[in-house]
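Visitor: Got a structure for you, questions after.
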């Protein structure tokens, strides 16, 4: 094949990015553009779908130009995206009927509480693997139909289309010819049955959503359509799609059951490949579809931590004990350990596996001898402890012990955190050379579909180790530390209980 590159489009929550990869999985060029966050009122978060589209097509062209090539040198395009974010548009004009309602948006929380009060939580969970929450797309679509004048009637008449961000980009790249999504994105809507692999008529009825709005659900690695030549000069196959966390799991080459990755960003997202069968969680984790490749569906367990790297931002902007985020490592290293201080960063409640919305940020164990360095150390430690809580829940649900944790995301550059993570888990923590794993996953999915890479085995050998962190802490010390953390988490929960 004369084509030399695969273009990955990574449409995130705050920026649109395009990364060009070569056959070795190396980055050839990268372009990025941030876009506006729209906050109409407290708890509401929106994006402008046209700004997302314009920015994404712009960075795609920029990445290609930076590499000194043209569209003819691109074998395929892969798309990965912020999940759950909801767009509804007019099929005739292609114009959105409302802004994109972002995954973080909480406006439909009351409706979700009603669903739970009606006893529908278990039904929805059994079909979708998800907890009933405003986080997912279903209630957001309902809100648009209920609140945009005429939208419900137009939807009934088949005039409106719904899509997550991947669908919206593909629709625009193909000039309205293709309306599809992949199984990983569909599994985040609260409308898709992860067992039958179909949109669920009963759930659509509960939400009041006409089936005619929905995209066709495809695998994560196949040719969905071709870009219109107006965009990159030639028609290029769009051949890979996965939600961002699933794409990162694939990019980390966690393709066999029992492999797990954690992405350390503002929050943390951990995913465990559970193979060809969905595992229902008994520990408040989400059951979701990882991907469908070569006709085979693989499932995953997922746990979300609300405050990961954001705790460092709080040390900087809230407490003012560091001037730059990068200062946290050197400050924390001034002390041997946190000296019994624990920081539970429940600033927005606690995520998996606790799911306690009322818990609040808590510092325990402080004395007159506690210094800024101890607080910094406790803040970093909290990221590792929360990760341990999720991993232990995953091990319990899956009935397996994890051999190693593959890591990616901004906070993985912090050696102190990575070593403590390994210590507290008592497993190896493994950091790859290329940490752009989300975009790489999308590139792999697209490249596999067009034969750029021959097979999953073909790309397995590309994963390169940057550093392996191995446990060095004595077992009794680990036990004491974990016990202290659990007491601190209980303190954060008790504080919430006493407020009730």
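Each residue, glycine too, has its Cβ placed from N, Cα and C.
Quick paste of what Swiss-Prot says about this protein:
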BINDING   13, 83, 84, 135, 244  sn-glycerol 3-phosphate binding site
BINDING   13, 17, 266, 309, 410, 414  ADP binding site
BINDING   13, 14, 15, 266, 309, 410  ATP binding site
BINDING   83, 84, 135, 244, 245  glycerol binding site
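Have a look at these and tell me how they're positioned relative to everything else.
Guide: Neighbour list (residue 84 (sn-glycerol 3-phosphate binding site), Cβ cut-off 8 Å, at least 6 residues apart, same chain): 103, 135, 136, 137, 140, 164, 188, 189.
Around the Cβ of residue 309 (ADP binding site), the number of neighbouring Cβ atoms within 10 Å comes to 21.
DSSP assigns residue 266 (ADP binding site) to coil, not to a helix or a strand. The Cβ neighbour count for residue 266 (ADP binding site), using a 10 Å radius over every protein chain in view, is 18.
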Visitor: Cα-Cα separation of residue 245 (glycerol binding site) and residue 309 (ADP binding site), in Å?
Guide: 17
Visitor: If I take the alpha carbons of residue 266 (ADP binding site) and residue 83 (sn-glycerol 3-phosphate binding site), what is the distance between them in whole Å?
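Guide: A Cα-Cα distance of 16 Å.
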Visitor: Cβ-Cβ under 8 Å from residue 14 (ATP binding site), same chain, 6 or more residues apart: which ones?
Guide: 34, 35, 37
Visitor: Can you check what DSSP calls residue 17 (ADP binding site), collapsed to helix, strand or coil?
Guide: strand
Visitor: By the count of other Cβ atoms within 10 Å, pick out the sparsest of the binding-site residues 13, 15, 245, 414.
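Guide: Counting other Cβ atoms within 10 Å of each of the binding-site residues 13, 15, 245, 414, the minimum falls on 15.
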Visitor: Counting other Cβ atoms within 10 Å, pick out the least crowded of the binding-site residues 17, 83, 244, 410.
Guide: 410
Visitor: List, in sequence order, the residues of the same chain other than 83, 84, 135, 244, 245 whose Cβ lies within 8 Å of the centroid of the Cβ atoms of the recorded glycerol site.
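Guide: Sorted by sequence, the hits are 82, 85, 103, 188, 243.
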